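For reference, TrEMBL has these:
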type: COMPBIAS; residues: 1-10; note: compositional bias 'Polar residues'
type: REGION; residues: 1-66; note: region 'Disordered'
type: COMPBIAS; residues: 23-33; note: compositional bias 'Polar residues'
type: COMPBIAS; residues: 43-57; note: compositional bias 'Low complexity'
type: DOMAIN; residues: 101-160; note: domain 'CTLH'
type: REPEAT; residues: 280-321; note: repeat 'WD'
type: REPEAT; residues: 326-357; note: repeat 'WD'
type: REPEAT; residues: 538-570; note: repeat 'WD'
Amino acid sequence: MNCGNMQANGEEQDRDSELSCRNGAQNGESSSVGAAHSNGLLSVTNNGNAVSNNNGVPAQPKKRLSQSEEDVIRLIGQHLNDLGLNQTVDLLMQESGCRLEHPSATKFRNHVIEGEWDKAESDLNELKALMHSPSAIVRMKFLLLQQKYLEYLEDGKVLEALQVLRAELTPLKYNTERIHILSGYLMCSHADDLRAKAEWEGKGTVSRTKLLDKLQTYLPPSVMLPPRRLQTLLKQAVELQRERCLYHNTKLDSGLDTVSLLLDHACSRKQFPCYTQQILTEHCNEVWFCKFSNNGTKLATGSKDTTVIVWQVDMETQQLKLMKTLEGHAYGVSYLAWSPDDTYLIACGPDDCSELWLWNIQTGELRTKMSQSHEDSLTSVAWNPDGKRFVTGGQRGQFYQCDLDGNLLDSWEGVRVQCLWCLTDGRTVLASDTHQRIRGYNFEDLTDRNIVQEDHPIMSFTVSKNGRLALLNVATQGVHLWDLQDRVLVRKYQGVTQGFYTIHSCFGGHNEDFIASGSEDHKVYIWHRRSELPIAELTGHTRTVNCVSWNPVLPGLLASASDDGTVRIWGPAPFLDVQDAEGLNGMYIKISVCNC
């Protein structure tokens, strides 16, 4: 790489002098004596003092560029160099008086790319004086020799490779475990076998460029810029804008080709599930619960009218159609839980219900009707991740683990359960109880521990997919977010009206960035997970909204169940203008139009 105004190897290595744009020109003027501009003007300097150009107009006095200006020029130069615009880079460096990287780094880069390993190793001696941590030279040397060794092996030069291993790599006394692995490659029968076992691209520009990227991490950026630094900064800027966008709810490519860098990222509220797409009116009494299946293709709703309705979700149009009705729940249905593979659905009733129903959704048949005792109150249930067991319980002190046939496997005495959740470890069950807490229970070693303690009754809770966060609906307090690992209250969300009714909230949206909850004021509230104030209040229901469920596959689809006897399906606005559809980022959003 040719970079203008490179300093000689023996020059002073002070960092300021290394990076300075010596007598750098401003406004496109050349720093070279007598250099011609594209506009035909000539700029000449005399001992640093500006003189007139050939039109008699005094030249602007030259000004030393700031550190940030130098950095920008170097970033642009690196990007242009990656694009192959080498002459442009030379001119940029010449006019600015900057240099892209230290001359020793340029030599080192060229020798690595050309595979001149002895010269590259010699370059390390020059670079050592420029490094913050000279001890890193050993690591850099190890990486160089490793590449040299692998290339010898690929070329069939086994004796030379063995010499590198014994006489150069081993004496470094660094990463002996890796040296043992490298020695095993001597047994590879052919080059393809070597590349496969070493997970290596083979001799050439690709592997050497990757090697350079690793080597660069040991060099200060003043000596050699990190690879593709400008693209990295731009990606970070785009990601930060998305994180700060309250309505960003789509999974976009992390690459820069799908976004415009000329505008700030902004998603329209019209793209968010704030608009009624459908009103499901098939229930004839209060609807107490709703839950999308894990694959997002079905919605189950439970009602006081003693039925469970399973709805089919059209994944293209995002419209719901009645699939089947499950009848016979004499006490009404207040809680539903899908098995991990969505084959089964368990239905529980209100406090006075001692029965639990397990339906095979594929056949529509009742697999199990479980009741341990008429004194029980089985109001909550959670599936073990293996899909072969579940736990259930109620406020009268029942807490059971059962198989698919309803056989009792384990029980926990005297625990008054309000809500349950099985963690992904397959052993721990979380249970909220009448002591305003959530405890973790291990059915294998029969141990339990306190995790969350609230000051008011926990009416319901749910856990994020990664098992880290718990979302609680707390009587008279609203919605609270807890970190289960650190056991700390993270956030209290404002706006919702929560008395002593059982209201179920949920995580949802892309990456579970959002939280939704029903409310006793007939609304659905939505918050961004990081913001305590709601970003949307959805109106339309005429009585308490008991439950909300966000589709886990379609981030723009939300369901809510209400005492008004309806289930509302929420989605983006039926019609968007072009700017809204593009979301100001070049990505078109597919919108389904409600026909209800």
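Each Cβ is built from the backbone N, Cα and C atoms, and glycine gets one as well.
Residues of the same chain lying 6 or more positions beyond the ends of the repeat 'WD' (326-357) and with a Cβ under 8 Å from any Cβ of it are 285, 288-291, 293-295, 297-298, 300-310, 364, 366-383, 385-387, 390, 392, 394-395, 404, 406, 502. Tertiary neighbourhood of the repeat 'WD' (538-570): same-chain residues 249-251, 271-281, 283-292, 294-297, 299, 301, 303, 313, 315, 318, 320, 501-510, 514, 516-520, 522-526, 589, selected by CB-CB distance under 8 Å and a gap of 6+ residues from either end. Secondary structure counts, DSSP: the repeat 'WD' (280-321) has 0 helix, 21 strand, 21 coil. Looking at the repeat 'WD' (538-570) alone, the prediction's average pLDDT is 97.
Broken down with DSSP, the domain 'CTLH' (101-160) shows 46 helix, 0 strand, 14 coil.
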